[in-house]
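Here the structure comes first, spelled out in C-alpha cells, and everything after it is commentary.
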Amino acid sequence: MSNTVRAISPDITLFNKTLTFQEISQNTREAVIYIHGGAWNDPENTPNDFNQLANTIKSMDTESTVCQYSIEYRLSPEITNPRNLYDAVSNITRLVKEKGLTNINMVGHSVGATFIWQILAALKDPQEKMSEAQLQMLGLLQIVKRVFLLDGIYSLKELLVEYPEYDCFTRLAFPDGIQMYEEEPSRVMPYVKKALSRFSIDMHLVHSYSDELLTLRQTNCLISCLQDYQLSFKLYLDDLGLHNDVYKNGKVAKYIFDNIC
C-alpha cells in the first residue's frame, strides 16, 4: 500500500488528490470540506466517497452560495496517528490559503469525524508549546463555523470495549497502544468547550440507526460528555443506511445544506 501511495504523488500529504466538487464563485458564502473515513487504513475510502452527497448539495444550491472540496491523507500502517491527522490538517490549511476560504464547514465520516474531533481538542496544549501542525489546527478553529460528525469514532477505549476485534486496525494507527490517543472525550472536553465557545463553532452529530459497524455507543458516549459540560449541539438520528452509505445519503446532504444556508 505504501509503495502505491508514493507512486501516486511526490507530495507526501497528497494535496494534489484534493477533489473539487463545487468551485468557489462570487456568490460563495460557505465552504464545505470533507474528510473521508476508512479506519485509518482502508484504501477503498477516498476523497471521492463524498461525490454523490456533494452533487446533491450542489443541485440544491441554486444560487451557488457553497463551494465544496474533499481532501486526502496518508494511511496506516505507512504512518501512524497523529501523522495522518496532520496530513489532513496540512491539506485543509493549504486549500484554505490557496482558495481564500472563510466560513468553513468541516464534514467528517467515521475516522474523518475523529480527525475533526481531534482538531476541536487542539487547545489542550498551550499555544507556546504547539507544533506547526497544532498551530495550523488553531488557525482552522478560527475560521470553522460548523462541524458535521457522521457516524464517528470518538473514544477508542469505548470502541475496543464494544468491539475488541477492531484492535486489528487501531493497532495499525496506534502501534504503541490506544493510550497514545490523547483526545478521549472525558479527558479533553474542557478544551473542546473552550474552542466551541471562543470560536463560536456549531457541532452537529449524525448517526444512522442502520450502521452495521458502529452502534450508537460512540455517539452516546460523546453526547454524555457534552451534556456533562452543558455544551450545545445538534443531533440527527435516522435510518441513513449502512456505515458506508451515510456519506452518500440524500437526507444527510439536505441536513448539511439546510444548516449552512
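Each residue, glycine too, has its Cβ placed from N, Cα and C.
According to Swiss-Prot, the feature motif 'HGGXW' maps to residues 36-40, out of the candidate ranges 36-40, 151-155, 196-200, 206-210. Looking up Ser9, Ser76 in Swiss-Prot shows the phosphoserine annotation sitting on Ser9. Taking the motif 'HGGXW' (36-40) as a whole, pLDDT averages 98 in the prediction. Each residue contributes its Cα atom, and for Ser110 (active site, nucleophile) and His243 (active site) these two points are 8 Å apart.
Here His243 (active site) comes close to Ser110, Asp151, Ser208, Asp211, Glu212, Leu213, Leu214: these same-chain residues lie at least six apart in sequence, with C-beta atoms under 8 angstroms from its C-beta. When the neighbouring Cβ atoms lying within 10 Å are counted for each of the active-site residues (Ser110, Asp211), the highest count belongs to Ser110.
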